[in-house]
């Protein structure tokens, strides 16, 4: 049922509503200014025809024109109604008018402005849209402009209207200067490169600018260089040369790229000679090999392209004489550039470190065959290199400079160079000493022997003011008189060219200055010996010994004692003994062996045998533990040769007490073997018994086999039983040594059982003992497997009153002629004894073996 509402004529057209609308109408009449009531009514009428719904919105907005909710829903609904219509449809204009009416009251609402602007953009009405954006910016407070500009900029970029976009971006940058990169990118895309370069230069010079894209200042600078260098015809408002050169001083780690950009700018501008000047300036100023490589490669590519362009032009237009000359000039210039590369690279390295001696030598080698350049290079090098900052030996430059003059026959110039070198304040005395030695060698090469001696004597002359060799506060000229290098050369020359007295004076002076080495002392003594001054040579040794301590004095003592013995033999035996005692006093164990052997040899040849034995005995105590075994072997050998093998018994006993278990075991075997050869079977057996205490049957099977063979040859059943008893006792002893088992576990056990060190850091105490216990059980099982099968005999109790004669008689009855040997340790129980009492055999409890209680 349709009801016609009665309203005044002024409110026509008449409102038509249905019966279902009456409750909402009544509610509105009661609360006509309630937004919620109108929204409930509108929600109810969502399915009604669009005109009815629009009419309802209009009624509500007439009463509530400042309601944002109503306007927002109304405008959204009106836009949705025309969404699929053509933009030329008059309905679009109605919707636009609705928006305009809304902004009379809602001009401070950015959401409505954004929706309206987007709606206009969809219609394609550029001017109307632009003006609406401007109205929105004017209407809204500046704090809300950031909501409008993104859509505004998108609108500006969507149309090919660069002037409009530029004006809009300029306004936007006043609000958001940090978005300059976006504007620059737009300018590049619209080919307005001049303004883009200006903006980019402004950004680069602004230290407070922070790139939204995360670019560094250098990256922005590099973009600017690429932009202005690659577009010289479009960038007119900036001084490109000044900008790039400013970057050269600002970004010193990227000089290569900046120089190439500057040259590229001139190349694209057509100023080829200017570009070539830039390249030449660059390769003479860059400081790193990387920058040099970039500039040089770009320079070479430029020259190649110029040659290729010239050849192409000549081939198209025909060759002329001028073209040929120009082409040859370009080719010659390119070849010269390539040939200069090593020298230019060397210049770069020298600019990095002008005090690098090796690089100066390489530079001289690059000028090979050009004497004038070599002289200039050497002159520049010796003037540039500071000896206190030099890398390498600075004196080699002076020496090589003089050698160059010498090789070219200019000896006077070479002498002048070396003379100047002797006045240079080097950092090290060795440098000046090397120069003086080169002065002497120069004269020797040209057979000016007297002049060479004169120069070296001058070098070693005492200065007016004495100084210590390592006193850095004194110039090296005052310290060179203590240089062993100069004195050694002077001593060699004096030996070859001088007199005996002059040579002796030189060596004495070296010893007085306390700069001699053991070799110098030995050379001096040998020199005196060659001239038959034996006592003087011994005095030289004595002076050398007073200068040095062990171990440096070792060679002097060895040579001195050898020479003394060869000279006097046994004629001055007491003096020789005193010398040996003096040498051995304070001698480290490492060097004692040689001296003791030499001392013992002296006593054997010229002294007393008992003295020699005493020396050997002292030697066994004085040498290092690692050398004691060898020393005992020598001692035993010499004692056997001098006194006989019986005299070595005491030596063997002492060696067994002193040496380690391994060496003591070998000594015991040799000792026992000697006693066997002497027929002392009981002594040999006692030695085997003593040695068995340090021989684990599991690891020293060779010893037990040797003892077994010995008993087979020389023993009887009782001795065999005793050996087996000792073996069981020793094995039981080793089985109860926990520390030994741990070491054996580390050596012998494989990965199956693991080691104590394999336990986790948190596992300790009982876990360690469990692991050792497992290993002990495994070793016991292995020993059980290694034993031969036991005889099926029973355990008997033997009466204690049975005499030894009865036992022996029974043994003979069982086996009258043969001794039964077996591998089993318990075979001695197989023979039945008289008056035996049969006992029942039971298993031994596991607790007897002493294993730890398990958790």
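Placed from the backbone N, Cα and C atoms, the Cβ positions cover glycine too.
Annotation comment: Swiss-Prot describes 820-834 as compositional bias 'Acidic residues'.
Among the features that Swiss-Prot reports, N6-acetyllysine is placed at 420. When Cβ atoms from all protein chains are considered, those within 10 Å of residue 420 (N6-acetyllysine) total 14, not counting its own.
Look at Swiss-Prot and you will find 851 tagged as phosphoserine.
According to Swiss-Prot, the region 'Disordered' annotation covers 808-855.
Residues or ranges marked as repeat 'HAT 1' in Swiss-Prot (evidence: a curator's inference): 15-47.
Swiss-Prot lists 48-80 with the feature repeat 'HAT 2', giving a curator's inference as the kind of evidence. For the repeat 'HAT 2' (48-80), same-chain residues at least 6 beyond its ends with a Cβ under 8 Å from one of its own Cβ atoms are 15-16, 32-33, 35, 38-39, 41-42, 94-95, 98-99, 102, 104-106, 109, 111-112, 115-116, 119.
Per Swiss-Prot, repeat 'HAT 4' is recorded for 124-158, and the stated evidence type is a curator's inference. Sorting the repeat 'HAT 4' (124-158) by DSSP state (H, G, I as helix; E, B as strand; all else coil) yields 30 helix, 0 strand, 5 coil.
The list of residues near the repeat 'HAT 5' (160-192) in space but at least 6 beyond its ends in sequence, with Cβ under 8 angstroms from a Cβ of it, reads 126, 130, 142, 145-146, 149, 152-153, 199-200, 202-203, 209-213, 215, 227, 234. Residues or ranges marked as repeat 'HAT 5' in Swiss-Prot (evidence: a curator's inference): 160-192.
Residues or ranges marked as repeat 'HAT 6' in Swiss-Prot: 198-230. Across the repeat 'HAT 6' (198-230), DSSP classifies residues as 22 helix, 0 strand, 11 coil.
Tertiary proximity for the repeat 'HAT 7' (235-268) is limited to same-chain residues at least six positions away from its ends with a CB under 8 Å from its CB atoms, namely 193-194, 197-198, 201, 218, 221-222, 224-229, 274-275, 278-279, 281-282, 285-288, 290-295, 298-299, 302. Among the features that Swiss-Prot reports, repeat 'HAT 7' is placed at 235-268.
This prediction places the mean pLDDT of the repeat 'HAT 8' (270-305) at 89. Sequence annotations record features per position, and here Swiss-Prot assigns repeat 'HAT 8' to 270-305.
Here Swiss-Prot flags 369-407 as repeat 'HAT 9'.
According to Swiss-Prot, the repeat 'HAT 10' annotation covers 498-530.
Across the repeat 'HAT 11' (532-566), DSSP assigns 27 helix, 0 strand, 8 coil. The annotation repeat 'HAT 11' is assigned in Swiss-Prot to 532-566.
For 643-677, the entry in Swiss-Prot reads repeat 'HAT 13'.
What Swiss-Prot records for 679-713 is repeat 'HAT 14'.
DSSP assignment over the repeat 'HAT 13' (643-677) gives 32 helix, 0 strand, 3 coil.
DSSP assigns residue 420 (N6-acetyllysine) to a helix.
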